[in-house]
Amino acid sequence: MTMTLHTKASGMALLHQIQANELEPLNRPQLKIPLERPLGEVYMDSSKPAVYNYPEGAAYDFNAAAPASAPVYGQSGLPYGPGSEAAAFGANGLGAFPPLNSVSPSPLVLLHPPPQPLSPFLHPHGQQVPYYLENESSGYAVREAGPPAYYRPNSDNRRQGGRERLASTSDKGSMAMESAKETRYCAVCNDYASGYHYGVWSCEGCKAFFKRSIQGHNDYMCPATNQCTIDKNRRKSCQACRLRKCYEVGMMKGGIRKDRRGGRMLKHKRQRDDGEGRNEAVPSGDMRAANLWPSPIMIKHTKKNSPVLSLTADQMISALLEAEPPIIYSEYDPTRPFSEASMMGLLTNLADRELVHMINWAKRVPGFVDLALHDQVHLLECAWLEILMIGLVWRSMEHPGKLLFAPNLLLDRNQGKCVEGMVEIFDMLLATSSRFRMMNLQGEEFVCLKSIILLNSGVYTFLSSTLRSLEEKDHIHRVLDKITDTLIHLMAKAGLTLQQQHRRLAQLLLILSHFRHMSNKGMEHLYSMKCKNVVPLYDLLLEMLDAHRLHAPANFGSAPPEDVNQSQLAPTGCTSSHSLQTYYITGEAENFPSTV
């Protein structure tokens with residue numbers, strides 16, 4: 001068998017062709033070089049992938065054009081001689097390249113693949129060469145290079161490092177999931193909350209802003225329409241809207257935990273006491289929730305042992321009569337003539353002081369204090385004006401055509417005309433008072449109706465989908481049934497027949513719907529007076545007004561008078577279900593000064 005020897009010129013041309021095919025752009029999907037015989041011993045087995053790469057330190061100018069004839073090789077790189085042609089090239093035209101240690105760095109070198117692929121060859125200008133040769137069973141093909149993978153000589157260490165990275169990743173993932181459960185966000189700007197400040201979860205920025213606003217200058221003006229977006233990035237753009245949102249989410253001046261008032265000694269004492277029961281201290285947010293919102297177990301236990309359900313009708317009547325608030329006198333000066341501002345000032349001042357006594361009255365209504373704090377506040381916010389109005393109508397029964405706001409403040413319809421929009425409300429109140437007078441309403445029936453208004457005001461929270469519903473609806477319904485049975489007992493005790501009892505009960509309960517209608521009218525009128533700055537509203541009255549706006553439908557107060565400055569429409573009081581918590585927690589309502 002004879003072996004054809006190639007000349008030096010043909011060998012050089014063949015090498016040039018291989019090099020040009022490797023470096024030319026990818027003009028066709030696959031380049032196959034037919035093989036006539038098995039590869040030499042330097043070539044790898046066809047079942048194993050072979051990677052063409054360039055050793056580190058090799059330099060090659062890719063921008064230089066390839067010569068037309070043949071590339072210039074150093075004599076030390078490819079020593080062609082008469083006796084070396086057969087050793088350098090095989091019969092198939094590809095032959096075996098010289099060993100790597102016998103040649104200088106060349107642009108084309110065949111390397112055996114290490115356990116991990118070598119890092120790809122870097123272009124002299126810092127760009128990665130996007131192609132390498134890969135051996136397949138069908139031949140050699142030019143493929144696009146993948147992302148760089150760096151070779152580590154010790155595969156065992158690499159596996160161990162992978163296990164450590166996997167373990168650390170899983171640990172970090174579990175820690176992240178654990179911390180995500182406890183992550184809280186600021187109710188004002190949605191930034192990460194630093195704690196429970198002024199009654200809500202808030203960040204340090206909103207906490208400091210609210211503190212400055214309630215302690216110093218807070219006469220902010222919105223340059224737009226009091227509807228600026230307050231978030232993490234835009235919370236400093238409008239101080240007026242930021243303060244408005246602080247009040248809307250429930251921030252309040254008195255929203256400070258009791259356990260913070262004693263200073264460091266109380267804190268250490270609390271931690272020491274907690275350490276006796278458990279190793280970890282209770283978080284501040286949980287302490288706040290435990291202080292303000294009774295746990296479900298405590299609530300269930302309280303409802304089970306609630307004494308109101310075991311009261312007789314006579315005991316219920318006695319308790320309601322004893323809970324009645326004291327008589328309050330107004331600051332009316334007979335020597336001063338009435339004007340719109342003076343009359344509204346008298347009425348709002350009187351209403352504000354009545355609200356304080358109303359809170360104490362509600363606490364003494366049987367079954368009311370058994371409710372969760374959220375339910376107590378919610379019911380008062382929904383019913384406060386109805387309760388004031390039914391008290392006004394009851395006092396005015398003996399004064400036809402007049403309304404007895406206080407023992408020293410008796411107004412008729414003509415005097416009510418000095419306040420714009422007041423006559424319509426006057427007429428409705430006078431008509432209801434006349435209806436009570438026709439029915440000869442008794443004092444025992446009056447206290448029952450007033451308690452029904454309180455407990456029934458927020459049972460159906462269909463006015464706003466953003467509010468949290470009542471937590472103790474079942475207990476409220478049971479107390480309402482108890483008071484209704486007391487009403488029926490009073491009618492039976494008065495000698496009415498069963499049919500008369502049913503008719504009178506229906507008539508009394510139907511009148512309550514008129515109080516709801518009058519209350520809505522009164523809220524709209526009070527809100528318009530606030531927008532026109534006719535009279536400054538007092539703290540508690542303002543809070544209750546803003547809270548009622550939060551509970552009311554979206555179109556409530558949406559059309560203020562045209563001459564109203566839009567900057568005055570922002571609520572300046574607390575407009576959440578936490579607006580009365582200050583009076584419950586600190587007992588401020590009990591110590592509030594009043595004129596009796």
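Here the Cβ of each residue, glycine as well, is placed from N, Cα and C on the backbone.
The region 'Modulating (transactivation AF-1)' annotation in Swiss-Prot covers 1-185. Residues or ranges marked as O-linked glycosylation site by Swiss-Prot on the basis of similarity to another entry: SER10, THR572. Annotation source Swiss-Prot lists region 'Required for interaction with NCOA1' at 36-48. Here Swiss-Prot flags 36-175 as region 'Interaction with DDX5', drawing on similarity to another entry. Taken from Swiss-Prot, the feature region 'Disordered' covers 144-175, 259-285. Residues annotated as region 'Mediates interaction with DNTTIP2' in Swiss-Prot, with similarity to another entry given as evidence: 186-311. As annotated by Swiss-Prot, region 'Hinge' applies to 252-311. Positions annotated as compositional bias 'Basic residues' by Swiss-Prot: 259-270. Marked as asymmetric dimethylarginine by Swiss-Prot: ARG261. Marked as region 'Interaction with AKAP13' by Swiss-Prot on the basis of similarity to another entry: 263-596. What Swiss-Prot records for 265-595 is region 'Self-association'. The region 'Transactivation AF-2' annotation in Swiss-Prot covers 312-595. Marked as domain 'NR LBD' by Swiss-Prot on the basis of sequence analysis: 312-548. Per Swiss-Prot, the feature 17beta-estradiol binding site maps to GLU354, ARG395, HIS525; the stated evidence is similarity to another entry.
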Test of understanding: give the count of other CB atoms lying within 10 angstroms of the CB of GLU354 (17beta-estradiol binding site). 22
Across the region 'Mediates interaction with DNTTIP2' (186-311), what does the mean pLDDT come to, as a whole number? 68
Quick one: what's DSSP say for GLU354 (17beta-estradiol binding site), helix, strand or coil? helix
Over all pairs within GLU354, ARG395, HIS525, the annotated 17beta-estradiol binders, what is the largest Cα to Cα distance, rounded to whole Å? 22
